[in-house]
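Participant: Feature annotation from TrEMBL assigns active site, cysteine persulfide intermediate to CYS139. According to TrEMBL, the feature Mo-bis(molybdopterin guanine dinucleotide) binding site maps to PHE335, THR336, ARG337, GLU338, GLY339, ARG340. What TrEMBL records for 269-281 is compositional bias 'Gly residues'. The feature region 'Disordered' is assigned by TrEMBL to 170-190, 259-281.
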Amino acid sequence: MGRITRKLRMTRVVVRGVAGAPEVGVAGAPEVGDAGAPEVIIGGRADTVAVEEPLEIRVAGQSLMTTMRTPGADVELVHGLLYSEGLIRAGADIAQVRYCGGTCGQNENTFNVVDVDLAPGLAPPDLSGRRLLTTTSACGICGTTSIEQVMARRAAALAGAGAMAGRDSLAGAGGEARDDGSESAGEARFDPQVLVRLPELLRERQTAFATTGGIHAAGIFTGGGHPVVIREDVGRHNAADKAIGALLMSGALPAVGAPGARGETDGTGARGGIAGPGGAGSDDRPAILALSGRASFELVQKAAMAGLGAVVAVSAASSLAIDLAADAGILLAGFTREGRMNVYTGRTR
């Protein structure tokens, strides 16, 4: 198994000069040493960087994809990825995940190739029409999966799991009014005071980021803001897959655990909204996916498949992520920092 960080020699360049002075090397800039010229300090030192290596995933003898990831928690990554893609419905669908033994193909590193054995009697997945061939650490699905496909897979994944249905809305401090002003009867409620603190709670637990400054994190929290599982990776989608995979392997998915969710079971999942102070439930079930970066389509998809009721991102949300969150009844918040957030779905219309 490879390391998650490496120390490399690098050149440190520091430029100190008068504000507005031309950069060194730019036409018309004064030479270093001239009066008013910037001071350029060059030195060598070791730097700690995040490791990025390929991982080929083979399912039932078929090459599913190669993803660029940070080594570690590969088994969780595989479980989370296959579950998020609707290729398995439970952790028990996977008999084992093993690193390729001996020489594989053109002498690949055996810790960068995994074979997935499905449970006896489970038919190999149909990979036709899927373009999960090679992904970078910045790209998961890359827009090849439609919202309709995600919703169909989600319904199948949550069927029979006791998922709760309701409507998304934003309640004020005085109560839990629905969009039409009536009392809520089947909604997932989230305390905004909890949501705005999640990025800070996530950052405090990003041990690899603290040493490299170049690695993402995904954390799954309860509705009360307690961390359930946190994983780091150079890829946002990999970090989410690792966190979701860990829950799947522990039997905690589908989560269908948004706080305060009530209503009839219909397999569609809990809808998320914001409650005023004291208006949210405080159970200990997984409910929220917190992201150290932006919220893209594939990350909202993973939350939807896992039955989570909210996605909270430090950075922006994409238009397709917002569309999917709206269809799935997920509260989606972006630019969550310094006590503020932009709530795109799961609010009063």
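Keep in mind that glycine also has a Cβ here, set from the backbone N, Cα and C atoms.
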Participant: With an 8 Å cut-off on Cβ-Cβ distance and a minimum sequence separation of at least 6, pull the same-chain contacts of ARG340 (Mo-bis(molybdopterin guanine dinucleotide) binding site), or say none.
Facilitator: VAL196
Participant: Determine which residues of the same chain, besides PHE335, THR336, ARG337, GLU338, GLY339, ARG340, have their CB within 8 A of the center of the CB atoms at the recorded Mo-bis(molybdopterin guanine dinucleotide) site, and list them by sequence.
Facilitator: VAL196, PRO199, MET341
Participant: Measure from the Cβ of GLY339 (Mo-bis(molybdopterin guanine dinucleotide) binding site) and count the other Cβ atoms within 10 Å, all protein chains considered.
Facilitator: 10
Participant: Per DSSP, GLU338 (Mo-bis(molybdopterin guanine dinucleotide) binding site) is which: helix, strand or coil?
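Facilitator: Assignment for GLU338 (Mo-bis(molybdopterin guanine dinucleotide) binding site) reads coil.
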Participant: Which residues in the same chain, at least 6 apart in sequence, have a Cβ under 8 Å from the Cβ of ARG337 (Mo-bis(molybdopterin guanine dinucleotide) binding site)?
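Facilitator: In sequence order, PRO199, VAL314 meet the Cβ cut-off.
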